[in-house]
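K.L.:
Feature list, courtesy of Swiss-Prot:
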BINDING   His300, His360  heme binding site
TRANSMEM  37-57  transmembrane segment
TRANSMEM  121-141  transmembrane segment
TRANSMEM  152-172  transmembrane segment
TRANSMEM  186-206  transmembrane segment
TRANSMEM  229-249  transmembrane segment
TRANSMEM  298-318  transmembrane segment
TRANSMEM  332-352  transmembrane segment
TRANSMEM  354-374  transmembrane segment
Amino acid sequence: MAVKKRSIFEEVGQGAKAPVPQGGSIDRGHGGARRGIRLWLMALFLLVMAMIVVGGLTRLTESGLSITEWRPVTGAVPPLNETQWAAEFDKYRDSPQYRLMNAGMTLAEFQRIYWWEWGHRQLGRVIGLVWAVGFLGFLAARRIPRGWWPRLLALGALGGLQGGIGWWMVASGLEGDKVTVESTRLATHLGLAFIILGLIAWQALLLGRSESDLLQARRQKEGRLVTLTTVLIGVAFLQIVLGALVAGIDAGRGFPTWPDMNGTFLPADMFYVPGVETDWRNPAWWLGLLQNPGFVQFLHRMAGYALAALGLIFWIFGRRSRHRATRGAFDLLAMALLAQILLGVGTVLSAAEWQVAIAHQVGAVVIWVLILHARHLALYPRVGSIRKGTL
């Protein structure tokens, strides 16, 4: 067998083609699908964010009880003529809110609050439709990456659960002498909305990078920052729920002073529950405290201070990250927290004026997403080039 002679000066590998790097099998064939699913998730994210904002405006305009039936499908069509409007108005006039708060309301006034609630529910239907079309479409085309279909299916299941909780919340305001929904049910509804929004955002962040990139990045994760941002997620969620409890009983309007609460640190009658003796061992007393404006407003303020303080401390740790993108994420989060503090104080001083209150709610969404973004970069750092200064 002849042996090919080689010059002693021939470079290693000369004359042979270097193998072309191939993407890992974990990503092969799914790059386009990942981009498509990510765009779909981003559309869902924007819709859910709009749903939260419209829900807040529906509450602030006291429109949430204008539709007294739950018709997930047929309710998509609003009243189209005078007869249908009159029938819808008659249903509302049978509600305790009309009898006790809005007696004498005209049809035109009813239509204004009706459209807010109908728009809120219609947006929920649109979200369900966008999810179903996207999920079934990607599933039928077999474009969902391995292991992802349960996560995407879970989003739809949570969306359906959220619709049921929404009606459960509304139904609480149609009983007895109620003129508003139960604040605890409102908090459940808003809390689940933020959970859904967070899951969508997290999955979109994961799909923004290949599986192989994420696998390599995770080897350089910054464990301390992951832990700190996880703590921040818990505190932020608690603050969101407390904010919903405040909004549910209009507690923000009762104490329009800051940093005090109507001249005192602890509001008067903070632990008073009508008809229930003050007893730390009585569950009814604890539940009653959630209806005490001073109690929930005080907790909301204290949780806000805690969130701001932790955010500042964690920002100091975040600035020590060796990755520029991670440091930038913590910078953005710190600035958003400062802005949210100002919006919170403004909401208090304006006695929850709707423009300031809704901006405060949007601020909560922004902070929620920025915390998740910071946690994502702590868990999956973007490793750049030292020469280019991107570390």
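Glycine is treated like the rest: Cβ placed from N, Cα and C.
Keep in mind the model is a prediction, meaning the values are calculated, not measured.
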K.L.:
With pairs 6 or more apart in sequence, are the transmembrane segment (186-206) and the transmembrane segment (354-374) linked by at least 3 Cβ pairs under 8 Å?
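P.N.:
Taking Cβ pairs at least 6 residues apart, the transmembrane segment (354-374) and the transmembrane segment (186-206) are in contact, with 3 or more under 8 Å.
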K.L.:
Any chance you could find the range in 37-57, 152-172, 229-249, 354-374 with the most Cβ pairs under 8 Å to the transmembrane segment (121-141)?
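P.N.:
Looking at each of 37-57, 152-172, 229-249, 354-374 in turn, the most contacts to the transmembrane segment (121-141) are made by 37-57.
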K.L.:
Let me check the 10 A CB neighbour count of His300 (heme binding site). How many other CB atoms are there?
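P.N.:
His300 (heme binding site): 24 neighbouring Cβ atoms within 10 Å.
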K.L.:
Going along the chain, which residues at least six beyond the ends of the transmembrane segment (152-172) come within the CB cut-off of under 8 Å?
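P.N.:
Contacts of the transmembrane segment (152-172) (Cβ under 8 Å, skipping residues fewer than 6 from its ends): 37, 44, 64-65, 67, 70, 72, 121, 124, 127-128, 131-132, 135, 138, 144, 178, 181-182, 185-186, 188-189, 192-193, 195-196, 199-200, 203.
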K.L.:
Relative to the Cβ position of His360 (heme binding site), how many further Cβ atoms are located within 10 Å?
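P.N.:
There are 23 of them.
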